[in-house]
Structures are given as structure tokens and as C-alpha cells.
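Chemist: Please read through the structure below; I'll follow up with questions.
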Amino acid sequence: MADLKPYIAKAASGEPLPLGDAKAAFDIMMSGQATPSQIGGFLMALRVRGETVPEIAGAVASMRSRMIPVIAPDDAMDIVGTGGDQSGSYNVSSCTAFVVAGAGVPVAKHGNRALSSRSGAADALAALGINIEADADTIGRSISEAGLGFMFAPMHHSAMRHVGPSRVELGTRTIFNLLGPLSNPASVKRQLVGVFAPQWLEPLAHVLKELGSETAWVVYGDGLDEMTTAGTTQVAALENGQIRTFEITPEEVGLRRCSPAELKGGEAAENAKALLGVLEGKDSAYRDIVLLNSGAALVVAGKAENLKDGIAQAVQSIDSGAALAVLQKVIAVSNDKPA
């Protein structure tokens, strides 16, 4: 039986693990050969010292080697936040996914239940009536017929069951928050990824480049793991093999600046109701932040020329009823009913 203890000692000493060692350590954890306390100790040793790009890449390699894949079109994208930002905000990326799909871009959405917040993507989508435990074939059909499929992380990364209890007991963000957006079961090549701290912007853009992404924006919104309308958003954009950084304010793209309090969400049922309200065309700060993120996603997808163009397309997706129609189709297909 392989032993995690040498890797714990190495991480705790402050020494970075090479990619091969990181993969080996995650292979041990993902195959059930480590105790919950060993897993917790290893994850916190990495967090306190600070995870490195090779460690993240090694961990992703371990996860990808075990995942149940989903077939999606080549132009499909993911819109996902790492979580762990402690903001308790609405489910921005989930709502954004429907708007982007309504604008004609296939979305393979990867997500989980809440670990460090009150409502994760899976919690809100389940509250809306989506079967989050649909199998890979059904999800593939949902992407092709409805324009969006939701991939519930534990269904595709069953090896995660070995680390889940430790993550919940820790109750704080770990390297696994970084891994979810990098381990999409549909192997998408276009991503809008929100991170919980600005120091991860460029490292994650580099990891995505190493892992074969074509276009990606990694964003941090002044305390949110999404682009924000309550402050300034920092972006590390991977485009044409190059990574560039820039900032965006809501005013420069014609959106109203709101207060952080206006973006506060609640439990899953409350967040689901608010998400439905946005798709039904209700005006709110939640709608504005979804428009901003949708505009960016449409730029990443190559559907929009620039952010203002993307936001205009997002407005059309909502106001025409297209985004709401995507939700209704996904509910039907995920529950094995005709779209």
C-alpha cells in the first residue's frame, strides 16, 4: 500500500513537490490509500505554504486519469468559479451559463455542492428541478439538444469520495477548489474561470495553457470568484497562446456599479428563485453581474467581438426568452423527458 506520509512531510517542510510527486500523492489519496487525517494534513500543508503550478498540474493529471468523460461539441465552454471566496453571493456562473447557452454557445458546466458557502452550483440547479445526477450520455444529449449540460463533479470524479469528508471537515478552501475548473469532464478548451484570490490569476492561466486550453479568462472580482459589478475585476486572459492582464470596471461597459450587499445570496431555494428571476427578465444587481460575466464568456467563446458586444448579446438572450428556454429544456432532458 502506497504511503502519503513522505509527501506530507515534504509539503510541511515548505519544499515544493515536482509534478510527478504531486501526481503520485494525489493518486494515493484518490485511490483510498490515505486516512482522512492524512488527507487533511496534506491539503493544509499545501495551502499554508502555497500551492505551485506543477503541484496543481500533477493533481489535475491524477483527476483527469480517473474521470468519467462527457462528449461535447468542440466549441463548448465552461463557466465556473473556484468557490472558496467566502462571499455568500448569488450563483453567478450558473445563471451566466444559461444566458450564454441562450446566445448560441454550447456550455458544459462543471460544478459541485457548496463546501465553503451556503449554496453551490449543484444546490441551486437541483432546487430548480435539474437532475444533477444524470449520467454522462444524458448530459451529452442535454448539451446537444438544450445547449447546456450540468456535470455534477462527484458523478464524474468518483475518486473524490475519498477526499470529500476531509474537505467538508476542513470547511475551508483547499487545492481542490482550484482543480474543479481544470478537470472538466467534457475536456472543454474555452473557459471563464473565477478565482478566490488575485494571486491565482496568472498561475491558473498558465496551467490552462499547459493543459491545452485555446482561450480562457481567469478573473477575480474584488472579493468574488467572478467578474464583479461592485468593484474592479482583474483578468488574466489566455488568447492566441499569450497571457495578458487587464482590469475592467462596470462603468466602462455601461453597467451600474452596485454595493457588495446587493449581490448577497442565501440558501439554495432562495438563490434558485433569484436565478429564475434573472432569466425571466427581472431587473436587479444580480442581472447586471450576470450580464457582465455572460459578455466575457461570449468573448472567450469567440461569439462576441468585445465585452460591450457580448453584453448586448446577453441582454438579447434574456429578453428574448432564449436563456429561460435553455433552463426548461435542461430540466426536461436531465429528467429523461423530451426537450
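Keep in mind that glycine also has a Cβ here, set from the backbone N, Cα and C atoms.
The annotation anthranilate 1 binding site is assigned in Swiss-Prot to G81, N112 on the grounds of sequence analysis. Residues or ranges marked as 5-phospho-alpha-D-ribose 1-diphosphate binding site in Swiss-Prot: G81, 84-85, S89, 91-94, 109-117, A121. Here Swiss-Prot flags S93, E226 as Mg(2+) 1 binding site. Taken from Swiss-Prot, the feature anthranilate 2 binding site covers R167. Residues or ranges marked as Mg(2+) 2 binding site by Swiss-Prot: D225, E226.
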Chemist: Just to be sure I understand the packing, how many Cβ atoms besides its own are within 10 Å of the Cβ of S93 (5-phospho-alpha-D-ribose 1-diphosphate binding site)?
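Modeler: Other Cβ atoms within 10 Å of S93 (5-phospho-alpha-D-ribose 1-diphosphate binding site): 27.
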Chemist: Which is it, of H110, R113: the one of these binding-site residues whose Cβ has the most other Cβ atoms within 10 Å?
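Modeler: When each Cβ's neighbours within 10 Å are tallied, H110 tops the list.
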Chemist: Taking E226 (Mg(2+) 1 binding site) as the reference, which of G81, S93, H110, N112, R113 (the binding-site residues) have a CA within 10 A of its CA?
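Modeler: Of everything listed, what lies within 10 Å of E226 (Mg(2+) 1 binding site) (Cα to Cα) is G81, S93.
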Chemist: For the binding-site residues S89, N112, which one has the sparsest Cβ surroundings, going by other Cβ atoms within 10 Å?
Modeler: N112
Chemist: At the level of the C-alpha atoms, what whole-angstrom distance separates D225 (Mg(2+) 2 binding site) and G81 (anthranilate 1 binding site)?
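Modeler: For D225 (Mg(2+) 2 binding site) versus G81 (anthranilate 1 binding site), the Cα atoms are 5 Å apart.
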Chemist: Looking at the binding-site residues G81, N112, R167, whose Cα is closest in space to that of S93 (5-phospho-alpha-D-ribose 1-diphosphate binding site)?
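Modeler: The smallest Cα gap between S93 (5-phospho-alpha-D-ribose 1-diphosphate binding site) and any of the binding-site residues is with G81.
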Chemist: C-alpha of the residue listed as 'anthranilate 2 binding site' to C-alpha of H110 (5-phospho-alpha-D-ribose 1-diphosphate binding site): distance in Å?
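Modeler: Approximately 18 Å lies between the Cα of the residue listed as 'anthranilate 2 binding site' and that of H110 (5-phospho-alpha-D-ribose 1-diphosphate binding site).
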Chemist: To see if you understand the setup: which same-chain residues, six or more apart in sequence, place their Cβ under 8 Å from that of G81 (anthranilate 1 binding site)?
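Modeler: Those within reach of G81 (anthranilate 1 binding site), by Cβ under 8 Å and sequence separation of 6 or more, are V92, S93, P181, V193, G194, V195, F196, L224, D225, E226.
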